[in-house]
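Asks: As annotated in TrEMBL:
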type	residues	note
DISULFID	Cys53-Cys99	disulfide bond
DISULFID	Cys118-Cys142	disulfide bond
DOMAIN	38-155	domain 'FZ'
SIGNAL	1-18	signal peptide
Amino acid sequence: GTALLALALALAGSLGGGQHYDYYGWQPESLPHGRFYGREPQCLDIPPDMQLCRDVGYKRMRLPNLLEHETMAEAKQQAGSWVPLLAKQCHTDTQLFLCSLFAPVCLDRPVYPCRSLCEVVRDSCAPVMESYGFPWPEMLHCGKFPSDHELCIAVQFGNSKATPPPVSKICTQCEMEHKADGMMEQMCSSDF
């Protein structure tokens with residue numbers, strides 16, 4: 001569907017090019033090759049129609065964001081591509097990780113996700129993305145992010161995958177029939 005196309009475009013176009021910025025001491029004026037933002041960083045309310053981050057736990061975000069989206073329209077459009085991954089519940093920290101980049105918390109300096117946060121989300125979610133034909137994108141390459149002893153956003157909900165409890169082996173068929181309606185409903189409402 002269009003969500004997959006949007007995801008493919010977002011993954012293909014976002015950063016790439018092998019650019020590695022110094023993410024820890026990152027300031028707009030220190031970008032390489034004389035690049036500069038057309039505007040000073042500003043604080044804005046996270047819009048209610050930014051579905052990925054509207055209930056992330058804070059109200060205001062910094063723009064340009066940490067993926068170099070300069071306008072709210074661009075940030076919302078790109079973030080929308082990731083909503084289907086959130087629905088897959090591959091890791092409990094997926095929203096925290098993605099929103100720390102798409103809708104970074106509004107402080108006087110940018111705060112990136114820690115490398116370890118990126119790694120736990122990647123390790124749980126990359127296989128899900130790959131099963132739909134999407135590799136983990138270069139813009140989310142975990143080596144770019146600061147190590148845990150620096151100022152960064154750490155793993156919040158633990159290192160575990162968000163997995164359902166194991167099915168009891170007493171009567172697998174009973175469990176399956178009990179869950180069939182719920183599974184159909186979930187599959188039919190999935191963007192994938």
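Glycine residues also receive a Cβ, built from the backbone N, Cα and C atoms like all the rest.
No curator has checked TrEMBL annotations; they are predicted automatically.
Quick caveat, the model's predicted, so the values are computed rather than measured.
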Asks: Counting across all protein chains present, how many other Cβ atoms fall within 10 Å of the Cβ of Cys99 (disulfide bond)?
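Replies: 27, counting other Cβ atoms within 10 Å of Cys99 (disulfide bond).
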Asks: With DSSP as the reference, give the number of residues of the domain 'FZ' (38-155) in helix, strand and coil.
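Replies: Helix (H, G, I), strand (E, B), coil: 46 helix, 11 strand, 61 coil.
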Asks: Would you mind ranking the disulfide-bonded residues Cys53, Cys118, Cys142 by how many other Cβ atoms sit within 10 Å of each Cβ and giving me the lowest?
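Replies: Each of the disulfide-bonded residues Cys53, Cys118, Cys142 was scored; lowest Cβ tally within 10 Å is Cys142.
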Asks: Note the mean pLDDT of the domain 'FZ' (38-155), expressed as a whole number.
Replies: 94
Asks: Rounded to the nearest Å, what's the C-alpha distance separating Cys99 (disulfide bond) and Cys142 (disulfide bond)? Just drop the number here, would you?
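Replies: It is 15 Å, counting Cα to Cα.
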Asks: Given Cys53 (disulfide bond) and Cys118 (disulfide bond), what distance in Å do their CA atoms have, once rounded to a whole number?
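Replies: Between the Cα atoms of Cys53 (disulfide bond) and Cys118 (disulfide bond), the distance comes to 17 Å.
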